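Record features, source TrEMBL:
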SIGNAL    1-23  signal peptide
BINDING   Trp151  substrate binding site
ACT_SITE  Asp207  active site, proton acceptor
ACT_SITE  Glu210  active site, proton donor
DOMAIN    484-589  domain 'CBM20'
REGION    567-589  region 'Disordered'
Amino acid sequence: MIAKSFLGTATAALALVLGLGQAEPINRLRGRADLEDFIAAQSDISIAGVLANIGADGSKAPGVPPGVVVASPSRSDPDYWYTWTRDAALTYKALVERFIAGDSSLQRKIDEYVSAQAQLQQLDNPSGAARGAGLGEPKFLVDLTQFTGSWGRPQRDGPPLRATALILYANWLIQNGQRDKAAQQVWPVISLDLAYTVRFWNSTGYDLWEEVNGSSFFTIAASHRALVEGAALAAELGQTCDGCASNAPRVLCFAQSFWVGSYIDSNINVNDGRTGLDANSLLSSLHTFDPEANCTDATFQPCSARALSNHKAVVDSFRAEYAINRGIPQGRAPAIGRYNEDVYYNGNPWYLTTLAAAEQLYSAVYQWDRIGSITVNQLSLPFFRDLVPSVSTGTYASGSSTYNSLVNAVRTYADDFIAKVQQYTPSNGALAEQYDRNTGAPLSARDLTWSYAAFLTAIERRNGTVPPTWGEGSANTVPSVCTGTPSCNSRITFNVRVTTVPGEDIYVVGGLTQLGNWSPSNGVALSASRYTANDPLWYVEVNIPAETAFEYKYIKVRGNTVSWESDPNRRYTTSQGCSSSGTVNDVWR
Ligand SMILES: *[C@@H]1O[C@H](CO)[C@@H](O)[C@H](O)[C@H]1NC(C)=O
Ligand SMILES: *[C@@H]1O[C@H](CO)[C@@H](O)[C@H](O)[C@H]1NC(C)=O
Ligand SMILES: *[C@@H]1O[C@H](CO)[C@@H](O)[C@H](O)[C@H]1NC(C)=O
Ligand SMILES: *[C@@H]1O[C@H](CO)[C@@H](O)[C@H](O)[C@H]1NC(C)=O
């Protein structure tokens, strides 16, 4: 390992002396063969590493129920013996993609994931009620019970990420003659996650690193994708997906506010004292990569000028950050962490973020090859100039020499990030969470499931294996004016049977703004339009925030005289769905 890194530095220095932007070709060829061997071996180790951490038969997940992904077998320093909704969804997204690409051995594990998630959705937990706000709970105990310790919650990326993993599977089932299974077993789980996304995309929550309570680009990007493909799946299955289609453009509109001119500010609506340069944004472009998309800036596609400019900004932010990055010139890959201000384990590079820097570039190469050209504009020029210093703005058709030199340079640069991972991976291929900023030694949780999954997806893109489209092409138009989500209400009908005489009116009052906060003069008047001698019904419909518990009473008003019902207060809790409805049938007391 030492010899190899010495060679790398010497090669880079030679390249600079010779005035080349890249490494010297003969060494590159030798390095390439070595890299191919590493990739082949590490691909096998990585799929085995993922499966080892999934119950019930994973060798490193003893006693864990079927389909449950353990974040890492590490039970102390740090204790990752939990199942995170995000990590599990990203892991299963990779497994479902692999299944679709032909690995049929994975289907049982995927079915087990569907069942395990259906069970988790039924748990009340510290983030809120089962099937409602509780879906934003970030992690659970591995035996599928709630974790009640303090934590950065809620985290709103879990539901849309899980929806995406399951939508990929449901679409495959439909295309393979199993529509009923998609509708009856998978859609119910997806549908709850989409309802959550519709309801909460415009609320703050914790980011994917579980530290910042604000609006996270990753969460918003994941929400947009899930709503777009969720609306399409609902239509395909003849199901409803309330608010999915109408909120998707709103989410896309909001996503634009993270763009700050040359990069993505990963966390907004929060005063976090950071630059916002964060691998959060690289991971977002991987997640929303659509192989059929153009290089759309609005959806930050991997090959878009925005995502490339952001790639350079994020990567450059780590060049001076770690001792192990010293002396690595522009155009060569440094080790990548989460964000500069990171202090977790003193702030180190991570395997999955270094792999993300590679995966974005492989995905971009796939897109240029499919589109048949590459465009360099003012925004992406600095990114390309690091790799090919002589390039200027323009569109270059595939087959042209400029196209070839650009695409080859980007691919070589991507390989260089993989070579970084190779350099700091121990010989048994075990991928921890981090590697030391000074020595490169593996650090923090061992055998991190997400690290292995990140290796698999990066190399699949390198191999030209891509997921199905999620419909980016029909969902990339940004509305001219951004709107938030309307508040999520439940429409409650209050029915009360009460005999009255002419001149008397009935009101409902209670402990909510919508019910006048117990002030009789601000109560809500009921209607007697259906009142008869046989059925003395007074009624009214009121919009009340969903999933809200409140107390109320009826009052009888005649002139200035108010008479209250007897104690105790009545209680009601609205249901969790936006635009849901409910009815209370009371008798005056
Ligand atoms: C990528 O392709 C190589 C060479 O065919 C193969 O050994 C490796 O397993 C593949 N990796 C993945 C993750 O698909
Ligand atoms: C809600 O959406 C509006 C419109 O895009 C945006 O200005 C606002 O910052 C968003 N707030 C949150 C918390 O998402
Ligand atoms: C997160 O921030 C919002 C304001 O943006 C605040 O209302 C909420 O209470 C905060 N959540 C936590 C858990 O601190
Ligand atoms: C990509 O751009 C071409 C040319 O403008 C257009 O015809 C095509 O529909 C676009 N594809 C997508 C998926 O947006």
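In case you wondered, yes, glycine gets a Cβ from its N, Cα and C as well.
Keep in mind that TrEMBL annotations are predicted by a computer and have not been checked by a curator.
Look at the residue listed as 'active site, proton acceptor': DSSP puts it in coil.
Cβ contacts within 10 Å of the residue listed as 'active site, proton donor', excluding its own Cβ and spanning all protein chains shown: 16. The average pLDDT computed for the domain 'CBM20' (484-589) is 93. Note on the region 'Disordered' (567-589): DSSP counts are 0 helix, 12 strand, 11 coil. Secondary structure at Trp151 (substrate binding site), taken from DSSP and collapsed to helix, strand or coil, is coil.
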